């Protein structure tokens with residue numbers, strides 16, 4: 001016996017231990033799936049948790065844009081109220097009539113570049129009154145969003161996102177295989193890494209404790225403290241945020257930042273947002289509150305490019321949400337319906353004047369994974385909180401004043417969960433295939449590398465690599481190729497559908513056969529359970 005030890009050889013592994021993990025159409029171990037709501041008290045707490053998580057992007061984007069538009073704290077508070085109000089309406093529309101997935105619809109970073117382009121437009125630069133300048137820019141943004149919304153409305157409700165024509169049979173979603181979905185969905189999450197730890201590091205004494213505490217409460221304590229039910233992992237956000245927020249408040253009132261640079265004070269102090277003082281006690285946002293929208297063709301085209309990018313990114317996010325809700329893959333007709341309603345959401349953004357377009361909230365998709373609760377009702381309750389606190393301005397402003405590094409710590413976990421669910425679709429693919437390795441590796445690499453070039457060029461030169469006399473054309477190209485999920489998804493989709501696609505072995509390698517039965521609404525009985533419209537509306541709007 002080799003080694004001369006007293007012990008015998010290790011026992012041979014059992015046959016079932018050598019088998020790979022079985023492929024699952026639906027994600028197992030989800031406590032509450034899309035159609036099974038938790039008890040009402042638990043559902044309300046989970047809904048409030050979703051509301052807290054979506055506040056980060058809701059506050060960060062207007063905080064960055066409104067001062068550039070010429071607005072002060074009053075305008076910033078009103079814009080945030082409006083974004084929150086419209087997000088609540090859009091989330092309800094999406095969960096009732098869209099995909100019916102538990103997806104929160106909120107402000108999207110995809111629309112930031114064209115909005116900044118409108119802010120920098122020459123026709124606003126000569127306006128001496130900051131408030132009047134804010135109003136004029138907001139009206140221009142509204143007009144661009146109203147026009148841009150038509151893209152998703154037409155593509156969604158006409159079925160073009162599902163079928164181009166019967167002659168060519170099917171397009172994007174019907175040709176989307178698990179292999180081409182992996183880079184798209186993965187970079188919907190991983191592609192937002194710039195909003196993670198770099199945001200934490202802006203006030204590391206607040207952000208890092210939040211990150212560490214969130215991981216300990218959600219991952220370690222549930223295994224150390226056995227309560228017989230999910231408490232710490234399910235409500236980790238509600239446990240951790242008050243602790244770190246109180247800690248940040250004590251640092252603020254204790255004078256820890258009294259002599260710090262203004263930038264540090266802005267990120268760390270709990271009294272620097274200006275939202276509580278600027279927010280009215282009660283106010284209901286209404287359409288055209290900033291005045292009649294103005295329209296410019298070039299700005300509208302640039303915003304339409306952002307709308308198209310948001311459409312692709314939301315497709316990846318919807319796929320991630322369906323997985324974490326333990327639903328079956330989204331049928332193309334349902335996805336088309338969801339895109340149409342997202343277009344209506346962007347139309348509402350333009351009518352109410354949010355200053356930014358909407359898409360699926362990636363952080364809330366990650367929260368589904370952390371809580372293991374994919375219930376539709378929970379997200380509908382969170383939409384109620386959004387509308388409620390947007391009307392009661394002062395109360396909503398209290399929560400909106402949570403320091404941004406706390407939200408950045410949450411993003412480190414939630415964006416990672418969304419990226420991971422993208423990688424999980426590799427279970428349907430043949431990872432021993434060189435074709436699979438090429439498409440996967442090349443698409444992910446280009447999805448990271450191309451936008452990095454565009455962003456670096458812009459940060460140095462002050463404008464994008466495409467810099468012609470046609471500003472609208474520059475914005476279109478720069479918006480499209482600054483999106484990591486869009487570039488990765490485009491490369492993967494093109495290669496997967498042109499590279500030896502008709503080989504029988506290739507069909508299995510790309511995992512296409514696993515999703516065959518979900519390419520029509522009626523070929524799998526579970527689609528009716530998860531995605532059918534309420535109030536018997538399927539009779540009038542049948543899915544195919």
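Glycine is no exception: its Cβ is also placed from the backbone N, Cα and C atoms.
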Transmembrane segment according to TrEMBL, located in which of 48-67, 68-87, 268-287: 48-67
29-47, 124-142, 143-161, 295-313 - the range that TrEMBL marks as transmembrane segment: 143-161
Stretch carrying transmembrane segment according to TrEMBL (options 103-122, 323-342): 103-122
5-27, 235-257 - the one TrEMBL records as transmembrane segment: 235-257
Given ranges 1-21, 169-189, the stretch to which TrEMBL attaches the annotation region 'Disordered': 1-21
Residues flagged as transmembrane segment in TrEMBL, choosing from 348-365, 438-455: 438-455
Interface check, the transmembrane segment (173-193) with the transmembrane segment (406-426), three or more C-beta pairs under 8 A: yes
Beyond the flanks of the transmembrane segment (103-122) by at least 6 residues, Cβ under 8 Å: 50, 54, 57-58, 61-62, 64-65, 68-69, 83, 87, 90-91, 93-95, 137, 140-141, 144-145, 192, 195, 296, 299, 302-303, 305-307, 309-310, 313, 317-318, 321, 338, 342, 345, 354-361, 364-365, 379, 382-383, 471, 475, 478-479, 482-483
Surrounding residues of the transmembrane segment (438-455) on its own chain - C-beta under 8 Å, 6+ positions past either end: 179-180, 182-183, 186-187, 191, 426, 429, 464-465, 478, 481-485, 487-489, 491-492, 495-496, 499
Recorded stretches the transmembrane segment (378-400) and the transmembrane segment (205-223) touching, at least 3 CB pairs under 8 Å: no
